[in-house]
Amino acid sequence: MNQTLLSEFGNPAERVERALDALRHGRGVLVLDDEDRENEGDMIFSAENMTVEQMALTIRHGSGIVCLCLTEERRQQLELPMMVEKNSSHYQTAFTVTIEAAEGVTTGVSAADRLTTIRAAIADNAKPSDLNRPGHVFPLRAQPGGVLTRGGHTEATVDLMTLAGLKPSGVLCELTNDDGSMAHAPEVIAFAKQHDMPVLTIEDLVAYRVAAERKAS
């Protein structure tokens, strides 16, 4: 990632700290992956703090595929089978079956309905019967070890929530341009400025975690 583009958001460690602070205060962040990977920016919000307005923003400016990033423990708690037995996707994106809240939604498509589904899935006492399958929210299972195991947006989302002291569940959606094409670094940065959202990279987060673990040892 071209660090010059991101320099106005601080150095790598500062970018992570600003993102964590934003998440603690209920704001969203934008996460870029490597230019030689997907080279995309995702809008990411804390699942427990996300508002209907933020969900509407996500649907309006995103790909429409609103994903809920979960730990393996939560996936098992909800008894969500993986979408396929053999994952042949290029980046091994770990989708489970899609979900809908069993109560409190109509068609499940609206911003409010999708948020109701997410809140049902992350509730402390959530059980499998709280969710219908299929639905309009796409759960993703994060790899244990986070970005140190897999450098994906799913793992970055769960890592950010954990580091921020929040529930280890987050909502992500790929940012798109008005013409439907995927947003890359310049467009992501412009969107971030317009909506007062911090920007960081998965590379930043990897370095931050490595430094923290080295310091702890």
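One is the number of the first residue shown, and numbering goes on along the chain from there.
Just so it is clear, glycine is given a Cβ too, placed from its N, Cα and C backbone atoms.
Listed in Swiss-Prot for this protein:
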- Arg37, Glu38, Asp42, Arg150, Gly151, Gly152, His153, Thr154, Glu174: D-ribulose 5-phosphate binding site (BINDING)
- Glu38: Mg(2+) 1 binding site (BINDING)
- Glu38, His153: Mg(2+) 2 binding site (BINDING)
- His136: site 'Essential for catalytic activity' (SITE)
- Glu174: site 'Essential for catalytic activity' (SITE)
Taking Cα atoms as reference points, rank the binding-site residues Asp42, Gly151, His153, Glu174 by distance from His136 (site 'Essential for catalytic activity') and give the first.
-> Glu174
Number of other Cβ atoms within 10 Å of the Cβ of Glu174 (D-ribulose 5-phosphate binding site) across all protein chains | 19
Let me know the most crowded of the recorded positions, choosing from His136, His153 and counting other Cβ atoms within 10 Å.
-> His153
Provide the number of Cβ atoms within 10 Å of the Cβ of Asp42 (D-ribulose 5-phosphate binding site), excluding the reference atom itself.
-> 30
